[in-house]
Amino acid sequence: MAILFEYLFNGAVLGIMYALVAVGFTLFFGVLDIIKFSHGDVLTLGAFSGLVSFLALQSLGLDLPVVGLVVVLAAACIVTGAVGALIGQAFIIPMRNASGFNILLMTLMIGTGIREAIRLFYPNGANPKAFPALLPKTPIEIGGVFFRLDSIVLLGLGFGVILLTNWLIRHTKLGLAIRAVAQDGDTAQAMGIPFKTIVLATFALGSALAGIAGVMHGIYYSEINFSVGLLLGVIGFSAAVVGGLGSIWGAIIGGFTFAALQTLWVVVFPDASGYRDVFAFTAIIIAMTIWPTGIIAERYSERV
Amino acid sequence: MKLTNLTTSFAVAAIGTLLTGVILVAENQWAVIGALLAAAALSIVLARLKIGMVLASVLNESSAWVALLIPLGGVIIGFALHEEDFVLMMLATVLIYGLACVGLTIQFGYAGVINFAGAAFFGIGGYTAALLGEWGIPSLLIIVAGGMVAAAIGCILILPVLRTKGHYAALITIAFGLLFRSFLEVNHTLGGPQGLKVEGASVAGHSLLDGIQLGSFQASFYLNYVLLALGVFTICFILARNLEKSWIGVNFDAVREDPIGASVFGVNVAYWRIMAFVIGNFVIGLAGAIFAMMQNFIAPSNFTFSDSLIMLSIIVLGGLGNLWAILPAAILVVVMPEKLQEIGEFRILVFAVLVVLVLRFRPSGLFPRALRKFRREVAQ
Amino acid sequence: MSHLFSARDVSVRFGGLQALDKLSLDVDEGTIIGLIGPNGSGKTTFFNALTGLCQTAGGQLLLDGTDITGLEPRHVYSRGVTRTFQRSRLCLSLSVFDNVVIGRQNSLDLNIVSNLLQRGRFNAAVRENHERVRALLATFSEMLAGRIFDPLHSLNMIDRRRIEVCRALVAEPRLLLLDEPSAGMTPDETHEFMDDILKVRSNNPRMSIIIIEHEMDLMRRVAERCIVLNYGRKVADGTFDAVVADPWVQEAYLGTS
């Protein structure tokens with residue numbers, strides 16, 4: 001029983017990371033109806049910039065517990081936000097009338113470029129890098145079940161960020177503008193909303209979430225690898241799609257669904273844990289067959 | 001008119017053969033860069049003078065046997081460089097990837113069925129060849145079996161692919177590609193991450209591992225694979241060309257451009273999407289089987305998502321739906337990284353940047369597809 | 001007396017919106033019916049329901065007395081109903097010939113083996129279809145027939161409309177549905193197009209046409225009977241003059257009282 005709770009808890013930590021990535025996909029799709037597949041590699045970039053900022057702090061002798069975490073998160077958010085907006089500015093906005101496939105392929109290639117750049121230009125970038133333990137890994141016992149303190153903090157952090165994002169979208173002027181652009185870009189523009197600025201702000205916001213997810217990933221696994229972005233990107237994309245593109249809560253549900261599928265497999269077939277991704281992706285394909293536009297269906301109409 | 005068309009086609013083939021040969025043999029990477037720059041300059045000039053489109057339509061409207069210029073050029077290069085193992089292996093690889101891209105063109109270029117799992121179907125062909133090779137089945141049959149198994153396994157995806165659209169459909173094939181790869185990694189009967197050994201091909205009792213010997217003429221065994229790949233490529237190329245210039249090709253285009261409009265005019269949209277998907281996977285599977293036999297060894301790392309991307313990049317760089325553009329683009333994508341060793345480490349980065357730039361500034365590709373005209377058929 | 005086509009109490013619902021509300025109408029062989037009504041009154045929805053593009057929530061669609069309600073679009077086509085669209089649904093990247101020849105779907109040989117390998121037979125089929133398509137284009141304009149292998153995107157608006165009508169006609173339908181064919185045309189083009197429709201009509205005296213139009217001049221000239229829709233319901237049915245004179249129609253649609 002105790003082991004089951006541990007599985008559930010670890011699944012929840014994974015789920016919150018996937019959800020953060022998925023929310024980014026859903027935001028981008030909301031404002032421009034595009035899939036920005038470089039998202040996963042932007043996440044890796046976030047984790048690496050967090051790592052660099054930590055090493056800088058360390059060399060200055062400022063690697064204090066809380067300060068370290070804050071600085072690392074801030075560095076990751078700033079870099080990913082800037083890179084996300086830059087990709088939007090340089091490649092996506094100019095191509096918004098191109099076919100969806102072209103944008104998908106192009107952002108996949110931009111992601112490949114980022115991944116390769118990390119591998120080549122980060123010292124010894126091809127090997128996994130140890131990620132600093134910014135949070136204590138002290139085990140905490142609750143009713144006979146052991147939880148890692150850092151995981152509890154990560155879970156809380158993830159939920160906090162998501163609630164903050166939701167508040168931002170629902171209750172601020174920026175959020176109102178984002179929702180207006182998502183409803184209908186042309187009308188929003190006609191109403192005096194600076195379309196391009198809002199789109200770029202959305203890209204920055206979504207990418208910053210990926211930066212946070214990257215740091216969380218690094219802390220949780222204690223290491224970071226240049227190639228994690230591809231799989232995390234696909235998982236985040238799956239989560240966003242299963243939840244119905246364009247819906248924030250759908251993306252969160254999708255993220256937890258994916259983590260739940262992986263965890264479920266490992267719990268039921270511990271000997272064949274290698275097949276957990278095979279199972280999770282099969283389940284996604286089946287889910288998409290049953291609900292072709294996601295479990296929470298995308299608002300969808302075909303003009304004839 | 002006819003004579004000029006013929007001359008043009010020959011000229012294009014000759015220039016293509018020559019450039020391919022130069023790029024293949026160039027030892028000095030500056031020569032490679034020079035040849036690439038020459039090709040780039042040529043294509044820009046052609047585009048500027050609108051000759052590119054004219055050339056494309058000349059090739060498109062020429063008679064079926066003009067396609068035989070491809071094996072002619074291939075045989076010339078193959079025999080001219082018959083001792084160069086590495087060069088011939090690259091040539092064969094170009095042809096095999098080109099063959100897989102013929103399949104992708106039928107799926108995505110013609111019918112608009114997206115497939116981000118090209119490498120997975122390529123791998124299914126390869127693993128089929130590895131498993132059947134142990135039983136002493138004739139190689140040509142194994143190649144066909146590779147195609148058939150790929151097509152059959154692809155049928156699992158028909159329902160999901162039919163029911164989803166756009167980004168959702170893209171996700172289905174991406175998920176399948178990743179699923180396939182992880183499956184191979186953990187499955188022990190298929191060799192796990194170490195992969196499997198594959199029997200080399202033999203045709204009419206002659207093992208392709210023995211190079212052709214005629215008196216003083218001694219060829220690398222890779223020449224055999226060049227010829228095998230060339231043969232299969234040419235057959236599939238001609239058939240795909242016929243497919244495009246047929247009522248089925250017209251239906252594919254209608255399904256891609258506007259499925260709703262097509263359905264109102266009696267087009268069975270689902271049927272044609274399935275057809276394109278199955279035929280395409282068959283061709284990709286053929287390519288995978290030949291690839292596995294030539295490599296003698298396959299592992300999951302040969303069939304990654306990045307490989308699927310490389311295949312899609314070939315058809316998009318070349319010009320979506322243009323069969324003639326496949327080989328030039330495949331040469332660019334397959335040979336260039338091998339040749340530019342100085343870039344070596346940076347080649348994937350360079351390649352990614354190249355694709356991004358082409359998509360950004362020339363989205364219809366280097367050699368856009370020509371309009372289908374039935375002038376020749378009408379005139380006969 | 002039996003009609004070529006009848007709608008019996010046809011309803012269509014989109015979520016909470018009642019797009020068609022128990023619409024009934026009859027079309028006799030060889031007549032041209034005008035369908036008028038304000039935007040959102042359900043005219044295009046009626047075409048969509050009839051051609052199988054949207055689900056009906058009740059009622060029956062009868063062609064020659066057989067029920068065609070709920071058939072897939074391609075099966076409706078097979079029974080001899082073709083249409084044009086308000087926003088043109090042609091394939092811009094294909095040639096004029098390809099766009100029109102799709103309309104002959106049911107007479108094309110789609111066997112994969114004969115398409116790939118029996119090229120002689122295929123070429124003969126191309127010649128035959130080319131002849132037909134050319135002749136059809138020539139009834140509209142000789143110039144258009146000369147551009148049979150031009151890409152569609154090089155054509156202007158009226159020629160594109162003509163191509164769409166040709167695609168619908170080449171199937172030799174019994175019922176032709178034209179959805180706002182004059183949309184986006186200049187008055188001169190509209191006038192020219194009117195002549196085209198009358199020409200089509202005199203060439204195919206047994207074919208019936210339902211035409212949706214806002215252009216009242218066009219309606220007056222071509223429609224033998226007019227049906228007025230409002231909020232998915234039929235509010236008037238009769239000759240053009242009678243319908244226009246109806247005070248209800250004047251108020252609801254034409255906006256004068």
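Glycine too: its Cβ is placed from the backbone N, Cα and C atoms.
Long-range contacts of the transmembrane segment (B:7-26) within the same chain, counting only residues at least 6 positions beyond its ends with a Cβ under 8 Å from a Cβ of the stretch, are 32, 35-36, 38-39, 42, 55, 58-59, 62, 66, 69-70, 72-73, 76-77, 80-81, 84, 87, 90-91, 327-328, 331, 335-336, 339. Residues annotated as transmembrane segment in TrEMBL: B:7-26 (among others).
For the transmembrane segment (B:32-51), same-chain residues at least 6 beyond its ends with a Cβ under 8 Å from one of its own Cβ atoms are 15, 19, 22-23, 26, 328, 332, 336, 339-340, 366-367. For B:32-51 (among others), the entry in TrEMBL reads transmembrane segment.
The transmembrane segment annotation in TrEMBL covers B:63-81 (among others).
What TrEMBL records for B:87-106 (among others) is transmembrane segment.
Here TrEMBL flags B:113-133 (among others) as transmembrane segment.
The transmembrane segment annotation in TrEMBL covers B:139-159 (among others).
Here TrEMBL flags B:166-184 (among others) as transmembrane segment.
Within the chain, the transmembrane segment (B:222-240) has long-range Cβ neighbours (under 8 A, six or more residues past its boundaries) at 64, 67-68, 70-71, 74-75, 78-79, 82, 85, 88-89, 91-92, 95-96, 98-99, 102-103, 105-106, 143, 201, 203, 208-212, 283, 286-287, 290, 293-294, 323. Taken from TrEMBL, the feature transmembrane segment applies to B:222-240 (among others).
Residues annotated as transmembrane segment in TrEMBL: B:274-298 (among others).
Taken from TrEMBL, the feature transmembrane segment covers B:310-334 (among others). Using a Cβ-Cβ cut-off under 8 Å and counting only residues 6 or more beyond its ends in the same chain, the transmembrane segment (B:310-334) has close neighbours at 16, 20, 23, 36, 39, 56, 59-60, 70, 90, 93-95, 97-98, 100-102, 104-105, 108-110, 115-116, 118-119, 122, 237, 240-241, 244, 351, 354-355, 358-359, 364-370.
Taken from TrEMBL, the feature transmembrane segment applies to B:346-363 (among others).
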Would the transmembrane segment (B:274-298) count as touching the transmembrane segment (B:139-159), if touching means at least three Cβ pairs under 8 Å and pairs must be 6 or more apart in sequence? yes
Quick test of the contact rule: Cβ under 8 Å, at least six residues beyond the ends. What residues does that give for the transmembrane segment (B:346-363)? 306, 313, 316-317, 333, 336-337, 340
